[in-house]
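The structure appears below as structure tokens.
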Amino acid sequence: MTAPADLSPTLQLACDLIRRPSVTPVDADCQTVMMQRLGDAGFKLEPMRIEDVDNFWATHGTTDGPVLCFAGHTDVVPTGPLQNWQNDPFDALIDEHGMLCGRGAADMKGSLAAMLVAAERFVADHPDHKGSVAFLITSDEEGPAHHGTKAVVERLAARNERLDWCIVGEPSSTTLVGDVVKNGRRGSLGATLTVRGKQGHVAYPHLAKNPIHLAAPALAELAAEHWDHGNDFFPPTSFQISNLNAGTGATNVIPGDLVAVFNFRFSTESTVEGLQQRVADILDRHELDWHVDWALSGLPFLTEPGALLDAVSSSIKSVTGRETKASTSGGTSDGRFIATLGTQVVELGPVNATIHQVNERILASDLDVLTEIYYQTLVKLLA
């Protein structure tokens, strides 16, 4: 069934946002809707269009106190085959089981609606609150992420903008809303390795140098290496080869080079420079003719127990009756950019079981629970 007009304010807004087909990096006026609501609530608005990406920064309050920022993204991933969806992915239907169905329901238009409604209610209830409530919203999280949160954070840093705490609305929950929050993420370091040999005929190997044979022992050593032991907050650093390419397509030609693409997901126990040096040492030990192009997607970050994590955890407990688990598992998020400001960052959002899948859906009532958790967190930190 379609969403009726008597839905809660959070669900009404979530449905409105989902019905806007904002496939990355297109915003489809989602931010226009959000800024209109925030402006009406008394927020100062600062749109930031950077290249082809829409972003905005909004604040309510004073500059002489702590800043709690809600961060998120209006862009969604492509739908995939439409014929595999039970309904149009941008219809925002609530089915007979009470599930809100649509692209972005979990990732992360539901969170956007919940944080906005919570903030509206908070500034109405506490117009003279401490510090500031802020929003940092982008339409470039699911794509390259060059001109979104990263670029906005650089602008905020350049003018010494204060940002003490940040709640990112990523879908952190696994089974029940609030059962897991992310208090950090591993770093991501990618690499493209080229091992050079000498092309030749397979019948005359003495006249060639086979880069596959040369590289195989080194790749095996890299895959078997224990990079670190992790710590109380992070698992050990992982190394994975994702692509391996060599050969001309002919069966009688020894290739001239081999290209391997690999990735580290690394903990705070390792550094970029340390990992790069250890890779170089292994490759040199095997006497390879090699070159690596490195690509750092983000450094690891960690928010240890403190004001933000305590406020979020106690709010989840008071609203749901459940203890939450703090975790650093999963991929990267825009939290990695915000953490560079020295900000305490926690990710809290809906259940993530169907994110990026066809028939993405969440329990509709979870968004009202999430709204209350966000509201209680605001009260604990800024009232």
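Using N, Cα and C of the backbone, Cβ positions are placed for all residues, glycine too.
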Given Swiss-Prot annotates Asp107, Glu170 as Zn(2+) 1-binding, which of His60, His73, His206, His213 belongs to that site as well?
His73
Recorded positions Glu141, Glu170, His356: which have a Cα within 10 Å of Asp75 (active site)?
Glu141
Between Glu142 (Zn(2+) 2 binding site) and Glu170 (Zn(2+) 1 binding site): CA-CA distance (Å):
12
Looking only at C-alpha atoms, tell me how far Asp107 (Zn(2+) 1 binding site) is from Glu142 (Zn(2+) 2 binding site), rounded to the nearest Å.
10
Would you please pick out, from the recorded positions Asp75, Asp107, Glu142, Glu170, the one with the fewest other Cβ atoms within 10 Å of its Cβ?
Glu142
Taking the mean position of the Cβ atoms of His73, Asp107, Glu170 as the Zn(2+) 1 site, which residues outside that list, in the same chain, have a Cβ no more than 8 Å away, listed in sequence order?
Gly72, Met108, Ser111, Glu141, Glu142, Val168, Gly169, Pro171, Ser333, Gly349, Ile355
